[in-house]
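Here's what TrEMBL has on this protein:
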type     : residues : note
DOMAIN   : 46-161   : domain 'Phosphatidic acid phosphatase type 2/haloperoxidase'
TRANSMEM : 12-38    : transmembrane segment
TRANSMEM : 50-67    : transmembrane segment
TRANSMEM : 88-107   : transmembrane segment
TRANSMEM : 119-137  : transmembrane segment
TRANSMEM : 144-164  : transmembrane segment
TRANSMEM : 170-193  : transmembrane segment
TRANSMEM : 205-222  : transmembrane segment
TRANSMEM : 242-263  : transmembrane segment
TRANSMEM : 301-322  : transmembrane segment
Amino acid sequence: QGCAQKYIVKNYFYYYLFKFSAALGEEIFYITFLPFIYWNIDHSVSRRMIIIWSIVMYIGQVSKDILKWPRPLSPPVVKLEMRTDAEYGMPSTHAMAATAISFSFLIATTNQYKYPFELGLVAAFVFSTLVCLSRLYTGMHTVLDVIGGALISAVLLVLLYPAWDTIDHLLLTSPFCPLLSIVVPLVLCYNYPKLDYYSPTRGDTTTILGAGAGATVGFWLNNQYATPAYTSENFQLGFPLITSKMLVVVLARFFVGIFIVLLTRRLMKSVVLGMLGYRYKFPIGDLEARRRLEVEVPYKFITYSSVGFSATVLVPLLHGLLGLM
């Protein structure tokens with residue numbers, strides 16, 4: 001762990017722009033944007049984005065700990081973040097996530113919604129570029145890290161795109177989906193590459209795979225017992241058709257959903273940590289104990305799979321009870 005460096009901000013516009021852009025590749029963005037798409041725009045688009053995001057991020061995180069390329073030296077760079085400094089640099093998972101999320105959203109919506117493709121392409125390019133540049137500005141990655149992350153993500157999108165519909169159909173209809181959605185990510189988390197020192201990459205990967213697993217189980221349950229995905233009418237937003245009433249519904253869905261998601265995360269975190277602390281005899285506040293494999297993986301996986309399940313099953317049920325569907 002490094003110490004916070006002293007620096008003088010000479011351009012507040014760039015400083016806040018890139019600090020904000022960096023946040024677009026972190027948990028606070030994932031936990032708000034991806035559920036927002038599911039609640040308010042289109043279930044099929046959200047499903048595809050979550051699956052792509054999970055696969056891309058897993059490959060990116062594992063690649064870091066296999067390649068073990070160091071982050072930029074400081075000095076000469078000034079590092080504006082400390083938490084991720086313990087991770088390796090290549091590839092930039094911020095760049096991978098931004099590329100995957102923006103362009104998978106563009107590809108998934110192009111044939112379903114009427115909007116200028118050029119506008120969507122520019123928006124996806126600007127979004128991913130801002131996140132990539134933020135990693136250079138904050139001193140967390142080299143140019144090669146960022147370019148490598150964006151290219152890996154682009155290649156994965158190209159390779160996965162032909163199988164999107166097949167993967168989506170299997171995840172919604174296969175009777176083995178719930179079991180495989182839990183077992184496969186857990187196996188990957190427990191067999192994550194080992195390092196000589198602790199890095200948050202394993203915990204972050206477990207968080208991502210857990211959220212994806214919980215959401216996938218939710219997708220399957222909704223298709224089996226609620227509304228079949230291929231016959232449901234999705235809530236579709238057309239840019240010229242947004243009314244004040246629709247805006248109120250969108251905001252209501254979002255704030256109700258986020259409240260439930262954050263409440264779920266807080267409750268499950270406390271419960272799971274409490275149970276693991278009792279099992280392995282450590283106080284909840286013991287950070288070193290929480291980093292152990294037998295604690296970190298179940299704690300993060302159960303917590304965030306509950307978050308993913310809550311966002312896709314419990315929140316829509318509550319929306320229905322409140323008349324927000």
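Positions of Cβ are set from backbone N, Cα and C atoms, glycine also.
With respect to Cβ pairs under 8 Å, the transmembrane segment (242-263) is most closely packed against 301-322, considering the stretches 50-67, 119-137, 144-164, 205-222, 301-322. Against the transmembrane segment (301-322), stretch 205-222 shows more Cβ pairs under 8 Å than any other of 50-67, 88-107, 119-137, 205-222. Scored on C-beta pairs under 8 angstroms, the neighbour of the transmembrane segment (119-137) with the top count among 50-67, 88-107, 144-164, 170-193, 205-222 is 88-107. Sequence-distant contacts of the transmembrane segment (205-222) (same chain, six or more residues past either end, CB-CB distance under 8 Å): 27, 30-31, 43, 47, 50-51, 53-54, 57-58, 61-62, 171-172, 174, 177-178, 181-182, 185-186, 188-189, 192, 229, 296-297, 300-313, 316. Per DSSP, the domain 'Phosphatidic acid phosphatase type 2/haloperoxidase' (46-161) is made up of 84 helix, 0 strand, 32 coil. Comparing 12-38, 144-164, 170-193 for CB pairs under 8 angstroms to the transmembrane segment (88-107), the maximum falls on 144-164.
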